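Pulled from Swiss-Prot, these are the features on record:
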BINDING   C424, D426, H606, C621  Zn(2+) binding site
Amino acid sequence: MTTQLNINSVIENAKRVITPLSPISIFAARNPWEGLEADTFEDVAKWLRDVRDVDIFPNKALIESAVARGELDESVFNQLVTDMLLEHHYNIPQHYINLYIDNIKTLKDVPASYMNHSNVDVVADLLLEKSKRDMAESYHHYDVRPMSDAIIDEQGEPLSEQVNRQMIKWTKLYIDQFLSSWTMPKREQSFYHAWLHLAQHDHSFTKAQRQVIKGLPNDPKMTIESVLNHFSIAQEDYQAYVEGHLLALPGWAGILYYRSQQHHFEQHLLTDYLAIRLVVEQLLVGDEFKSVTKDCESRSENWFKQTVASWCYYSDMPSDVLLQHDVNEIQTFIHFAATMNKNVFKNLWLIAWEMTYESQLKQKIKAGHESVAGALDVNQVNVTENDNANQSHSVSLNATQAVDENNSELNQVGTSTKAQIAFCIDVRSEPFRRHIEAAGPFETIGIAGFFGLPIQKDAVDEQFKHDSLPVMVPPAYRIKEFADRYDMNVYRQQQQTMSSMFYTFKLMKNNVMPSLLLPELSGPFLSLSTIVNSIMPRKSRVSLQKIKQKWLKKPETKLTIDREFDRTSDLPVGFTEQEQIDFALQALKLMDLTEAFAPFVVLAGHASHSHNNPHHASLECGACGGASSGFNAKLLAMICNRPNVRQGLKQAGVYIPETTVFAAAEHHTSTDTLAWVYVPDTLSALALDAYESLNDVMPMISEHANRERLDKLPTIGRVNHPVEEAQRFASDWSEVRPEWGLAKNASFIIGRRQLTKGIDLEGRTFLHNYDWRKDKDGKLLNTIISGPALVAQWINLQYYASTVAPHFYGSGNKATQTVTSGVGVMQGNASDLMYGLSWQSVMAADRTMYHSPIRLLVVVQAPDFVVARLLANNEHFARKVSNHWLRLMSVNEEGRFKSWI
């Protein structure tokens, strides 16, 4: 029992190296390093380079591209290098240090000829022999790696590749529940038991290997322990060994991790997976592991050779000259080369890139407020800053204070505003909001797209229920969509007719005899569909929508807002009256909308439209778990229109005028249009005027927003009709890049809208409304940081990882992806499950970067004590900042910027 508990603990701790991977149909951004944030970003980068040869720093080409585009100021980098050298003293001639730094900072690789030079071997052996204990251990420590990584097969590849192919085959078979007619036998018992049953008959194993499988224990934990003992792995190395196996196929391991969290009967899936993988490794390795030299020693020896070669190359000191020095001097040189390795300079380039963006963002805010200050006849805005030092910055933003100095002025602004539109914080809403505000007396607001409603939605036009909230939070309520009984019966019949047609097609395709007839039966129709979709994608989509509207028109629906009893539901259905009041109050506070209500308040979720796109869900609302957020917007708008809710809000200190009406809409990010989801039948005169005014200017807004967005797409030249072109892109099934999604996201600003209003943030910023003056205890800020900001960081790091290490964290080329098992994409039929973003989502061309891989900059508009309190109360966020997983900056009421590093 003690051993089994130990195995459980090992697996539980080892899960830190992977992240749960949701099916592609409900794709939600995940931070691939969330479980590793107890360590610094730099330490994790070094560890990943050691154990998987994965580099998570921007490479030389990305750095050079950033410099060429003006995104990275070289002077900032040079200052960082100077500051670093001043912190250390080395007893080395200065000209060697200068040569070394000048060469290594270009990130050029050491030529192979240096590694293969005999003198380098001599120096490395000398150091390893004389200084092994105090140098190899202090300079470099390697985790134990899977045995199969150290054995090379007859084809010249690590034996672990054969292990991977076996695991891909078996995991695909287990995961697939919907695409194949036959599922894996005995899968209902467990993955491990189903594999035991089938592997005994798998002739890819030898007869002797199949006999070993027959004799395996029924308990996967016992199997894991048996294999680890067979390989003589020390107990203190169990976790590192298991981590190596999880990192071998992080995609397939990730989907199993996700399923283990979703279903109680699959909670031990990772244990089953590891037991199978370790057995396969044992069978394929056989007795060869006995002849394998100690991996750590050989890697330490190789590390010495690399470090010696680096010193000789970058310092321009020939190896024969190096040999003329005594051992102590050589140790000093190599210590310097080890300390000042290439990863150190990659990290400095990354920091300089981030500091450059931080400086440019402050300059944008400064320039924006200078223009506002001139218009309001307030004091001139002065900026004094030392960007290279990256310390506190002083910017006098008197314009902000002039705009919203007190509540009376805020109320005055509110009465002149026709409509207030609350958008999701998604970076794609920033340009759209800017164009709306420029088009008339409209005010925009930023809030997470789930609008603070922890719900699971049960929509009439969706086959499955969906958790419509951030993936790190479980739903607490279920909201059902329903219509009049007659309308629902008609709609259900239409749905069944359509689904039966698709089911019949699938059934024929997956069975031997009927599949022979299928080409003749479906060929003419599918050929015509292919031609029309290829030649006239936009018209084809419009025609399809008309047919769908005629034959499968969704009826007018209502929502189960009030609490209902449903014995079939594992969640409460609907809200109590007090819960409705509480959620409305919380949402309004998060929007910083508790006074000065406009006559018309629109809650705008967002959705994306694309055709033939497996990663469609990645373009939807991240705060709603990879789905459109119009459902949440409609629910909150309906709640806020209820008289009893308004009465409760009034008692809580929030008065909504009777003339104010809430409505819901969706911002379609691929076409930059606003589609109405819910507009009450009765509008006040002022609300009706605002509604009509907004509709009148929306075509112009859409044209401007689309033109700005399409100009950034690499395959488009001059656009004369941006709206039509955007619709064509969204309809074209051959288009690999219907929109950029959240590429280039870089910052998350939490503050009053006046801080950034009218400033072109280039669609790179998440914008969340917040007023620290109304948040006395800091709970609102903590909520924003723990929810929306966390989602934004996950999105940011997924884009980052997919850019810097696309082979490991991305999903490859869209044109060669294969949708597999209904859960994700592969490259070919024997790759890992690709769980990141495609190449086209982050790159403009094969060698042209689009997304800028920098860590998220969180900006909080609040005094220092508010930010200090946040860091003291939120240890999870404070750790992200201190371990360099994101950057934090604040701006106080006097306009002084401060970097919290």
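Including glycine, each Cβ sits where the backbone N, Cα and C put it.
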Three-state secondary structure, C424 (Zn(2+) binding site) (per DSSP): strand
Those binding-site residues listed as C424, H606, and which of them has the most Cβ atoms within 10 Å of its own Cβ: C424
Distant-in-sequence Cβ neighbours of D426 (Zn(2+) binding site), under 8 Å, six or more positions away: G449, H606, C621, G622, T669, L742, F766
Number of Cβ atoms other than its own within 10 Å, given for C621 (Zn(2+) binding site): 32
